[in-house]
Amino acid sequence: MASLIYRQLLTNSYTVELSDEINTIGSEKSQNVTINPGPFAQTNYAPVVLESWEVNDSTTIEPVLDGPYQPTSFKPPSDYWILLNPTNQQVVLEGTNKTDIWVALLLVEPNVTNQSRQYTLFGETKQITVENNTNKWKFFEMFRSSVSAEFQHKRTLTSDTKLAGFLKHYNSVWTFHGETPHATTDYSSSTSNLSEVETTIHVEFYIIPRSQESKCVEYINTGLPPMQNTRNIVPVALSSRAVTYQRAQVNEDIIISKTSLWKEMQYNRDIIIRFKFNNSIVKLGGLGYKWSEISFKAANYQYNYLRDGEQVTAHTTCSVNGVNNFSYNGGPLPTHFSVSRYEVIKENSYVYVNYWDDSQAFRNMVYVRSLTANLNSVKCSGGNYNFQLPVGAWPVMSGGAVSLHFAGVTLSTKFTDFVSLNSLRFRFSLTVEDPPFSILRTRVSGLYGLPAFNPNSEHEYYEIARRFSLISLVPSNDDYQTPIMNSVTVRQDLERQLGDLREEFNSLSQEIAMTQLIDLALLPLDMFSMFSGIKSTIDAAKSMATKVMKKFKRSGLATSISELTRSLSNAASSVSRSSSIRSNISSISVWTDVSEQITGSSDSVRNISTQTSASRRLRLREITTQTEGMNFIDISAAVLKTKIDKSTHISPDTLPDIIETESSEKFIPKRAYRVLKDDEVMEADVDGKFFAYKVDTFEEVPFDVDKFVDLVTDSPVISAIIDFKTLKNLNDNYGITRSQALDLIRSDPRVLRDFINQNNPIIKNRIEQLILQCRL
């Protein structure tokens, strides 16, 4: 459980410098920037969610195959097939309205001679004669029309899929009969009181709407989809269909979860955003015919409005990004009218509106997730501006319009001039509208966009309305304020401490004995076996979870340790080094993608960037086809554990800080992987270099791309602990047998230990290089 929570935190929780994101958006003018905030992301490193708003409608999409459900008793709704999926139960279903219909389905296994069997139907013990001389299963449909009558065999379904069906429709009960794969359905028994028919189902079952009856017939005759036959499909109680979902209202506070100190509150709010543009008009010196620049400026606005009877005081700051620079030059003379630069916002521009109000939702906006908004669009039209020349008719700028469309919302630390509080930063994309703008008495006409001359026209403000929603982690005691840690001094002290810890951690590389390292790497490791020697594993997990929420950014090593946890979790209870020591994680799909990428074109494999990408992902394939050899993850984990054990300063509290910014490739950055076919080895490293050579002579041979693709798809991928260069050097200087070469190629830890015990300098040097690469 702890490792699951930790893995989720590593995967989802990181923080983002908002200012960097905004600068990037502005410089690249990108319209598709989406950052997953993760749970409890901090406001002072605000998460960014820029995505389309999904507006719920009343359309309900019914699943074709709903289930499986656990055995139960209930009144099935009319016009829904009950698809019965028994295992070896003798009584599959009982149904009655207690007036004129009693129906039961009995299951009889293949190859049963004529015999009398005892069944309990509707609380009564009955002797019923059954027979099944086929190799398929048989469903016997038994029926009676009164409580005093005896059950009669009505009809039979002979099935190799072992599936049966039951339906209430119109005024009849419907079932299947015949023999698969040609079984059919029609009504079995009529009743005047169909709605009161209650069923007791003794097997797992599915629910299929009658509108999808063709699929039900298909399942009866050919079987369930393969997905339904895996161990991952677990039946649930039918009551799960009756869960009542609380639909969030427009203005309300909902407690999502609560502990002794903290609670998650969902705030749903109506919102009215009023904003206006500001501009700066700078005139050049001289005779008064020339203007230097006319540009947009940030504009603050404060206003009040009613929200469900509550008076709300709101503040907004409007700014623009991605402006377009225009100019006009009427001539070279000092008396010729000209504007050196004037700004226009168009389709490639963005408008940002920071919003804050004094409601409860903004008082604890520190740890926030699930921030969404739904806003309408607004049209902004430009007005007239007169260029007052000393002599002559004045040029007049007029027209121009754009529409603002909601494109995303983030938490913002860019506060308004009125208050220094957390705010919401709404982002709007633009489309140009009619009329175009022009400058009267000049050549400028028919241009689209909103110029900075008079962007508000006659409007005091522009208004956008609708709603927003967020979930905030707040203290359980409403009198407490959520603490905000944004001290520069604290961050500098922390960086200094982390620097000292990294230096100590890296200096310990010289103290690791290689035989000890290999012995340790042979052990089955899971997430917390790396922290043996720490007094409390639980405390370590808690500390790491807390630190990760605060410190982990885009940590590659966080992902690496998460992968290590998944790939080694099954090994914690076994000392075997068999192929089962690695859980078959979701790497296969990742590698399949790589295989398709490589197979697509032989030329693309020869491209250096493609080679690098492929070789880095080779380790995913390696995990799913683990051999008896040692791999890079074993060494990484062993080095990490050894250094922690030797350290005098590293504790569970500081470990997440140390590795917060490290990446998995940096821990052992110079990796190499190989595949083996007969007497030929094909090797790839993360720098994009590929080798092919013979095992006996270490003579290089041409690298066959197609063969390599086939091998990495179908054969085990091995960590090249002793790489090709080291092997060739070892063979040239010492000479090694074919058997030793194969063992070294397979990274056999026993042979590695033998070479180290013999103080072989070439092998020792290679292992030392790997240890020294494990730096932070």
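Placed from the backbone N, Cα and C atoms, the Cβ positions cover glycine too.
Under the heading region 'Spike head', Swiss-Prot lists 65-224.
Sequence annotations record features per position, and here Swiss-Prot assigns region 'Spike body and stalk (antigen domain)' to 248-479.
According to DSSP, Cys380 (disulfide bond) sits within a strand segment. Swiss-Prot lists Cys318-Cys380 with the feature disulfide bond.
On the 0 to 100 pLDDT scale, the model's mean across the region 'Hydrophobic' (389-409) is 89. The region 'Hydrophobic' feature in Swiss-Prot is assigned to 389-409; the stated evidence is sequence analysis.
What Swiss-Prot lists as coiled coil is 484-516, and the listing cites sequence analysis.
Here Swiss-Prot flags 510-776 as region 'Spike foot'.
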Beyond the flanks of the region 'Hydrophobic' (389-409) by 6 or more, those residues with Cβ under 8 Å of it: 31, 48-51, 53, 287-289, 335, 337, 344-346, 350-351, 371-383, 424-442, 447-451, 453-454, 462, 464, 468
Among Cys318, Cys380, which are disulfide-bonded residues, the residue with the most C-beta atoms within 10 angstroms of its C-beta: Cys318
DSSP-assigned states of the region 'Hydrophobic' (389-409) in counts, ordered helix, strand, coil: 0 helix, 14 strand, 7 coil
Cys318 (disulfide bond) in three-state DSSP notation: strand
